[in-house]
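**Q** According to TrEMBL, the feature domain 'STAS' maps to 444-548. According to TrEMBL, the transmembrane segment annotation covers 16-35, 42-65, 95-117, 124-147, 167-189, 196-215, 322-342, 373-406.
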Amino acid sequence: MSIIHGLHFDNLRGDLYGGLTAAVVALPLALAFGVSSGAGPIAGLYGAIFVGLFAAVFGGTPAQISGPTGPMTVVMAAIFTQYTALYPNDPMMGAALAFTVVVMGGAFQIAFGLLGIGRYINLVPVPVISGFMSGIGVIIILLQIGPLLGHAAEAGPLASLRALPEIVANPITDALILGLITLGIVYLTPKRLNRVLPAPLIALIVGATVLLVLFKDGDATTLGNIPSGLPTPRLPTFEIALLADMVKSALILAVLGSIDSLLTSLVADNMTRSHHDSDRELIGQGIGNMAAGFFGGLPGAGATMRTVVNIRAGGGTPISGALHAMVLLAIVLGAGVLASHIPHAVLAGILVKVGTDIIDWDYLKRLHHAPKVGVIIMFTVLSITVFVDLITAVAIGVIMASLVFMKRMTDLQLASITAITDPAGEECLSDEESRIMEAARGRILLFHLGGPMSFSSAKGMVRQLTGFDQYDALVLDLSDVPVIDYTTSRAIEDMIFDAQGSDRHVFVVGASESVAAMLGKQRVLDQVIGEHRCARRIDALQRALGLLKREVP
């Protein structure tokens, strides 16, 4: 296995242009995410540099561009606000704790990759993903309404909603004009021009120019001084009293970053006709986030828009991702002064577009065709994401989707059960089996399980059997059951005990190696004498009929 996944130099020209183009797109987004997080624009740039570089080098999706994203910024903003609020007289301490959480989140992601959890993250149902991504989009939009109108950003979506009437009634005119110009640019720029010169970059240039020409002495606020030069590494800082909360916050970052990255990996796969390595991607993202945390950068993930831009521009290997990070580093080292004139309202307008792009409009357009249960799950997750928190939303969404899935599987499993005493019209029986059943005159109950059986169908299986009482021999046919779980084995044991307790003969047919092993562990088969354990159904039916003929009905 190569150290750098997917590295080759056959596409060097495409990688160079793709990386440069991705950096142009990433610059305004990194600044905007940095401001939105509360950590400052330079934190956004540092995050784009370190996550972008290390995820490209160590990740499992060659064409992917990584850096700060909307979902990760929403979580980081809450973390940064929480910890800086705990230390009002020492904001550096709060910031240190927040960046330590980023390092911890990266470590969790590495652990996810090493444990092979990446493949399971891909199993999160579409309504859940659609709901929490759309919820994140809504949060981003709500948080940017204040800066778009010239006011400070609120601490969360609920605070933004509460402050909305006052903000709308008292806009700062200069900021409002800049914000409207930005919205016009990011939403109306033609696609052809957008491919050559990204709309967010146009908005930055136009916004800064309008500010300097028309509103130089106005009320619109700007980024101000941005540090230049290489960042100084920060050692992790821990507070024992806050450790549990820090672990929880780090897990939220890790889970969200993993889902966000792997969704982007799927997009890259579809565009490049390739297959990413999920676990390796999580390790790369984890290394990138640890590095970002050490140097005071925002956490990041695979960024869909930047990845798409990179691929369309010709990028296809980790070279493009690494180059994108190096270009941003060069900007930090030499052009930080220019960024100081960028208005907050312009960045807010850019993020509003980011928020609307994150909302799953494709799913919303198909609501009238989507299953009602899926729609309920989607809007439940969306609401919890906005009004509670992300991890609760995902957990509840997965639980709801799992319960729905189990109900459907239970119905299918129970529908596959066939209970036969009268062979008339039963196509599953051979001619010889039908003759035996006819000769038994209803005294043999053939109970056939038609597929995998799980805990969810165990009670229903027993309930079906208890509906029959006019039989003297039970033939339990497991020949089409590839696997059972512990609960099902106990249910089969109950069925055997109940039948034997009523002085009925019990035969077990066709238990596969896996099924027999499970039943053997629970000593279920010990309750059935050896002669009544048959490999073929016809043998069990013949032996059951022979026993019944020797008995008085």
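Every residue, even glycine, has its Cβ placed from backbone N, Cα and C.
Note that this is a predicted model, so its numbers are computed, not measured.
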**Q** For the transmembrane segment (124-147), what are the same-chain contacts with Cβ under 8 Å, counting residues 6+ beyond its ends?
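**A** Tertiary neighbours of the transmembrane segment (124-147) are 35-36, 70-71, 73-74, 77, 153-154, 156-157, 160-161, 163-164, 167-168, 175, 259, 263, 344-345, 347-349, 351-352, 354-360, 363-364, 370, 374-375, 377-386, 390, 393-394, 397-398, 401.
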**Q** With Cβ-Cβ distances below 8 Å as the criterion, list the same-chain residues six or more beyond the ends of the transmembrane segment (167-189) that contact it, or say none.
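**A** For the transmembrane segment (167-189), the list is 145-151, 199-200, 202-203, 206-207, 210-211, 215, 218-221, 343-346, 348-350, 352-353.
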**Q** If we skip the immediate neighbours and take only residues 6+ beyond the ends of the transmembrane segment (42-65), which ones have a Cβ under 8 Å from one of its Cβ atoms?
**A** 4-7, 18, 22, 26-27, 29-35, 226-227, 231, 261, 264-265, 268-269, 271-272, 274, 276-285, 287-289, 291-292, 295-303, 306-307, 309-311, 315-318, 320-322, 324-326, 328-329, 331-332, 336
**Q** Using a Cβ cut-off under 8 Å, which residues of the same chain at least 6 positions beyond either end of the transmembrane segment (16-35) come close to it?
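**A** Same-chain contacts beyond the ends: 41-45, 47-48, 52, 63, 65, 67-70, 73, 147, 197-198, 200-201, 203-204, 223, 298, 303, 305-307, 309-311, 313-316, 319-328, 331, 339, 342, 344, 347-348, 350-351, 354.
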